[in-house]
């Protein structure tokens, strides 16, 4: 403290009082002014607070440093260090009945007079007071006093003197300290280490020294210029800050050889550094002639593996006032609150507001932290926006094993919730593609199986100029219409559309029955009409009208259909054209559009966007010529690709066009889950290698990991390797011998190594299990488990490399090749480890390595070490 610039201190146990000290001591009381007016004589500190002067003490001249007594004292007991080296106990109260009244006025006098630079009360034994003095060649610079010691004249020389000529009260002058440290050196700063009552950290002239009062002849020290303002982080007692000129040094007492971090300030010298008592790792610094306080936030980082790893810090500056700041003091309990004082004793109450940290979890939970408060954004009861989010949908679908049904592929749309018609169309398309590919491969292997997955666009192009039309009779009507003769390619297209089953039979009856069972009577009637079976269409509509939930309008439509004659200029055609515009169901509309259209002109059916793509394509295959069909399919494909409509996969197949369509779909919805499963279903190798496909797959894998669906991600990887053998990953890790460097598991490979398979170490043909407790190459023993002290090794059961070719390998659940509990596991930092089961059991209750004398926090090195799979947790 300087005699010209004031310092400021909060009372440790009186959170509404603070002391300002320069040439005199002033005690202030802080009051809130939120709901009240400013009292007369009060000083405005901020918009919400004001200070009232309670008392002034001018009895201690030549003050150089002040320290508040750490124990509770309503009269605010203070220790004052003076320019002559004396330490005086004084108070700012007027209660003469205080329990500390016998201490007030007591002086602690060094042997030789010199300036007292710093004072520090012991936080564990509050009666111990350490004083740091300037250098004297024949005296110590660090003196530790006991303010309540009972001295006798035989032990400690004492004398009673008057404080001044006008005073009548006397006090004790104590001249014998408890401890004397730091001979022939100067002490510039002091602080007690909170972890031990008898450890004192001192900033000497050229070094930082840790004194142990149990053995004062020895000290631990490090040479440095940063010896001023030593202070201990209240939340991390091994972290200490000190400064010199414009640099702040951060020390770790566990590795005291050099600073773990050096903070370079402005060219101006520092005057004060202080840790925040309410916030972990927040350090405030002040430079001379500055109105800015710089804050350093020491971020929490994982335990460093390398010796040179520095902690992560966030730096920011705050400006509590416009004038230069002489000193500041953190409030002991209010979060991030401080009082600053200027050289002319103007004070300001200031709060450092925290940055708001947002956290958006993979399961769509939003939380943010501000100071000590943690807030969560919850969804309103009537708000279903979360259910519409694609991430939530993908997570629920993953729980239902969506996409993994490779036998009945169409069922995947049910696993997705059976709500999206595009997904339903997609999975039925993929189901038909798989079904007819297998059927074609059985009939003629390698012929047209791959064409199926290329989509209807490629199928139609392969048959250009090969189809002619012919006249066909209507069923239930004396009329004929032109229909294209169905060659093999058009039949395949109708099969992929789902209208007909596999085989040469083109009967749509089974398809109509399935539509009726699903309640899609309007669609069934339209399909029947497109197949020139007007009688069946009328029958379906009548049945729908007479059902429990039937629509009476279906009877009206059925009656209208029954009056169809095929005449171009009839009143019926005119009325149906008007009725068509009033119908809401798209299939009823296209029925009248078909009946009222001219031969070869079916735009009213083909371009009705509310009708399923597969029905429009099937209609086109029956009624359009090759040229018209190719032109229509090309145009429709481009529309589907641009819109990202999954129904278009029927046209594009799993080709490059399909990837383009899926890219538009992912851009529109973000559904990388469906994109991944779809592309894996039957795409050729060049399509699977497309970087867009790989991007979707890897992003979906990352999503599963982020959701902690590790088992689901493993299932996806297995599913992927089955459908795309080239994606099967190579072995990522193997255990090698420390002596010869060979893999210890080579003996279990499928090909024995020159007759040295592992079976030679046991009895030939013996069913007894052997253990790989030594290297198969050099026979050196493997490391021992840190807990059971048995050599690490995995029981081997029916090892493929050590059995005869005609023997079956037993890989049942009870006799697997390697059980997880017996697997090798070790820490990448300290290299200690053992059986996985033992390690898991140990680290359920411990964070430190089980090996004696090893202090490695093995489990804390991995940030996911304490996570558990979340696949059983319902959202």
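Each position is counted from 1, following the chain as shown.
Positions of Cβ are set from backbone N, Cα and C atoms, glycine also.
When pLDDT is averaged over the repeat 'WD 1' (61-100), the result is 85. What Swiss-Prot records for 61-100 is repeat 'WD 1'.
Panel annotation: around the repeat 'WD 2' (111-155), residues 64-71, 79, 81-87, 89, 103, 172, 174-192, 194, 196-197, 200, 202-205, 211, 213 of the same chain, lying at least six beyond its termini, place a Cβ under 8 Å from a Cβ of the stretch. If you look up Swiss-Prot, you'll see 111-155 marked as repeat 'WD 2'.
Annotation comment: Swiss-Prot describes 182-221 as repeat 'WD 3'. Same-chain neighbours of the repeat 'WD 3' (182-221): 117-125, 130-137, 139-142, 144, 227-232, 234, 237, 240, 242, 251, 253, 256, counting only residues six or more beyond its ends whose CB sits under 8 Å from a CB of the stretch.
Annotation source Swiss-Prot lists repeat 'WD 4' at 223-261.
Only residues 6 or more beyond the boundaries of the repeat 'WD 5' (265-306), in the same chain, are considered here, and those with a CB under 8 A from a CB of the stretch are 228-229, 231-236, 239, 241-248, 250, 312-325, 327-338, 340, 352, 828-829, 857, 860-861, 863. Positions annotated as repeat 'WD 5' by Swiss-Prot: 265-306.
Residues or ranges marked as repeat 'WD 6' in Swiss-Prot: 395-437.
What Swiss-Prot records for 735-781 (among others) is zinc finger, and it gives similarity to another entry as the kind of evidence.
Around residue 775 (Zn(2+) 1 binding site), a 10 Å sphere centred on its CB holds 22 further CB atoms from the protein chains shown. DSSP assigns residue 775 (Zn(2+) 1 binding site) to coil, not to a helix or a strand. According to Swiss-Prot, the feature Zn(2+) 1 binding site maps to 737, 740, 775, 778.
Look at Swiss-Prot and you will find 759 (among others) tagged as phosphoserine, backed by similarity to another entry.
As annotated by Swiss-Prot, phosphoserine applies to 766 (among others).
Per Swiss-Prot, the feature zinc finger maps to 782-863 (among others); the stated evidence is similarity to another entry.
Residue 838 (Zn(2+) 2 binding site) carries a helical DSSP state (H, G or I). What Swiss-Prot records for 788, 835, 838 is Zn(2+) 2 binding site.
Taken from Swiss-Prot, the feature Zn(2+) 3 binding site covers 827, 830, 858. Under DSSP, residue 827 (Zn(2+) 3 binding site) is assigned to coil, being neither helix nor strand in the three-state scheme.
Among the features that Swiss-Prot reports, Zn(2+) 4 binding site is placed at 830, 832, 849, 854. Counting every protein chain shown, the number of other Cβ atoms lying within 10 Å of the Cβ of residue 830 (Zn(2+) 3 binding site) is 17.
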Chain-internal residues, separated by at least six, CB under 8 A from residue 835 (Zn(2+) 2 binding site): 785, 787, 788, 792, 821, 822, 823, 824, 825
Secondary structure content, the repeat 'WD 5' (265-306) (per DSSP, counts of residues): 0 helix, 18 strand, 24 coil
Nearest of the binding-site residues (827, 830, 832, 838, 858) to residue 775 (Zn(2+) 1 binding site) - Cα to Cα: 832
Nearest-integer angstrom distance between the alpha carbons (Cα) of residue 849 (Zn(2+) 4 binding site) and residue 830 (Zn(2+) 3 binding site): 8
Among 832, 838, the most crowded of the binding-site residues [Cβ within 10 Å]: 838
DSSP-derived helix, strand and coil totals, residue by residue, for the repeat 'WD 1' (61-100): 0 helix, 17 strand, 23 coil
Among 737, 740, 827, 854, 858, which are binding-site residues, the residue with the most C-beta atoms within 10 angstroms of its C-beta: 858
Folded-back contacts onto the repeat 'WD 6' (395-437), same chain, C-beta under 8 angstroms, at least six residues removed: 363, 449-450, 452-453, 492, 495-496, 498, 502, 612-614, 645-647, 649-650, 653-654, 673-674, 676-678, 681-682, 704, 707, 709, 712, 715-716, 719, 722-723, 871, 874-875
Under 8 Å by Cβ from residue 778 (Zn(2+) 1 binding site), same chain, sequence gap 6 or more: 737, 739, 740, 742
Pairwise CA distance, residue 838 (Zn(2+) 2 binding site) versus residue 832 (Zn(2+) 4 binding site), rounded so that it is a whole Å: 12
